[in-house]
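Look at TrEMBL and you will find 1-37 tagged as region 'Disordered'. Taken from TrEMBL, the feature compositional bias 'Low complexity' applies to 10-22. Under the heading compositional bias 'Gly residues', TrEMBL lists 23-34. Taken from TrEMBL, the feature domain 'N-acetyltransferase' applies to 421-569. Per TrEMBL, active site, proton donor/acceptor is recorded for 488. Summarising the annotation, TrEMBL assigns acetyl-CoA binding site to 492, 493, 494, 499, 500, 501, 502, 503, 504, 505, 530, 531, 532, 533. Summarising the annotation, TrEMBL assigns domain 'Bromo' to 656-726.
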């Protein structure tokens, strides 16, 4: 299939992946976007033309209305415009009395039905006209018969819409969506099925991979039915052709012909289409990512080269499996993950799946708690009555506990409201907006009242209002910038006689959940010296995660205030967060009690020192091994500090010069490894070790060996076994112990 005109060559996609060549199945990169942008520019130019010029354009596609039942279906100028058209053609005067080259009736006879048409309706028809002209070009340039037929059908549909002054309606036996669950829902189910147990940072990484994958499908160029027949002769040709036709009509062509309704591929197609493209798509994406890895931005490199292949492999199993639960429409209602996979921190398998020999040899991550013990402890606290209640005045009660209880009892309510210029005013909402304006004006005396009123009633701003006994007692006014990925918090206040009740915290938690539903995960605000403390308690900091280029020129700048930001975690139910923490504390408490019960054995004191013994082996102390103590390995300890320094320096230089030392030369950057410092509590690297050696920190070989071992352990804990980093750690560790043995620091 040849590219539609104006689409051009694909470019690197939004996820940083290099698309395949269109026609063989690939990503529609900036070509389609560039084509639609050029058409949009043409439409804007035409819509800004004088009305006579618009009538001339529409007359070409309007049937003659002259008396005598003229059969002419479009006015044709006596002097056709040159090809290519001249740049000053737009300024030529339009004569409504100019006769048609075909029927000799005037241009005015062809456009009499447009005399009383509004400017808005005329602009809509002009948009369809340009789409018709573009599809006409596509029909003539397209070489594939199936695609050409679809283009021609859409051309006739739009042509008919102009003649009848109607809206284009695709006539089909089925309308979107064509399969349930959709690809988008299936991938979301997959994330829930496999990764719902992960810590927030790791789960955020998985969600980013899922969005990246869905984005690639939405801009993927399907291969034509004829190309697919050649590649997969035994496939369901009729089923694929039907989906291909639907994809052209509802997803592909509407990208550059916006008079047609457009749908995302991932929202109207399901497992059938995904199966037909997944294998080729996965192969091409990974191959091109490897070829172009040096062009990838640093913050995407680890994500795409390390985590994305593993993500696609696991998803592929579910796509082609006949028994995968993620494609069930009742998935969320019927599925509870009991023993899910771990992708980033050591891979676990379901109990029903056999472990491979290599996996049996893998060491258990230090600190893991057996699942049977967790389930046993959970069973003892599933009853809320088993968790001790705290007084609302207790130091251990959450800030929002009182507000949460009031909301459950119906004492307070939360509503997101705003002014609208399109809908009929709602008296109650207008009263609440006036109440919010009063609260903000009273609690923020340094803000001009006119400024507060303008923003509260601005249709672009919304306010999360706190209602008690039918009146407003607080709220947060904000403006969302979905295209930039953040929301600006403008005003935040609770009336003075209702403060110190946890309303402010509960307000912010509701706002966070509202934005997670709308997929905006960053807050920005300018806080004065009185508000900084409140925002810090709500998770805001001066460390802004949003790139400066994203918010400069969008957010309002306040003199004397501090810019603060908050990054939301979509896996946290913020309004119930304190309850969850409370339950987690209870679990930890139970686990500690069980552990203490196991080792709470009192041994008699040591009496040997009374008999003159000066020293005993540690392992001979009764009960010492039960606490988890283990003896360290034996080796030669250099007593001369200079000799130790020289030996360790030589070993460190050898390690740093090794070909597999490159991942460990400097501290891990947060941008390159999402959530690394939440997983790895004690990071270490060769640069830090060099600085410690220089400062004579390593007074024993054991300190040096412990830091080096930590580098390898951290790497294996964070990265999957098939990753390049994991392999580098194993090879470098083997080399390190070879050098240690050669230096005589441990026994050979």
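For all residues, glycine too, the Cβ spot is worked out from N, Cα and C.
Feature map: TrEMBL annotations on the structure.
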| residue | record | CB count, 10 Å |
| --- | --- | --- |
| 488 | active site, proton donor/acceptor | 19 |
| 492 | acetyl-CoA binding site | 24 |
| 494 | acetyl-CoA binding site | 20 |
| 500 | acetyl-CoA binding site | 10 |
| 502 | acetyl-CoA binding site | 22 |
| 504 | acetyl-CoA binding site | 23 |
| 530 | acetyl-CoA binding site | 9 |
| 532 | acetyl-CoA binding site | 15 |
Among 494, 500, 502, 530, 532, i.e. the binding-site residues, the one with its Cα nearest that of residue 488 (active site, proton donor/acceptor) is 532
Residues in the domain 'Bromo' (656-726) per DSSP class, helix first, strand next, coil last, are 39 helix, 0 strand, 32 coil
If we take the residues 492, 493, 494, 499, 500, 501, 502, 503, 504, 505, 530, 531, 532, 533 that the record assigns to acetyl-CoA, their largest CA-CA distance in Å comes out at 19
For the domain 'N-acetyltransferase' (421-569), the DSSP residue counts stand at 53 helix, 40 strand, 56 coil
Averaging the pLDDT values of the domain 'N-acetyltransferase' (421-569) gives 90
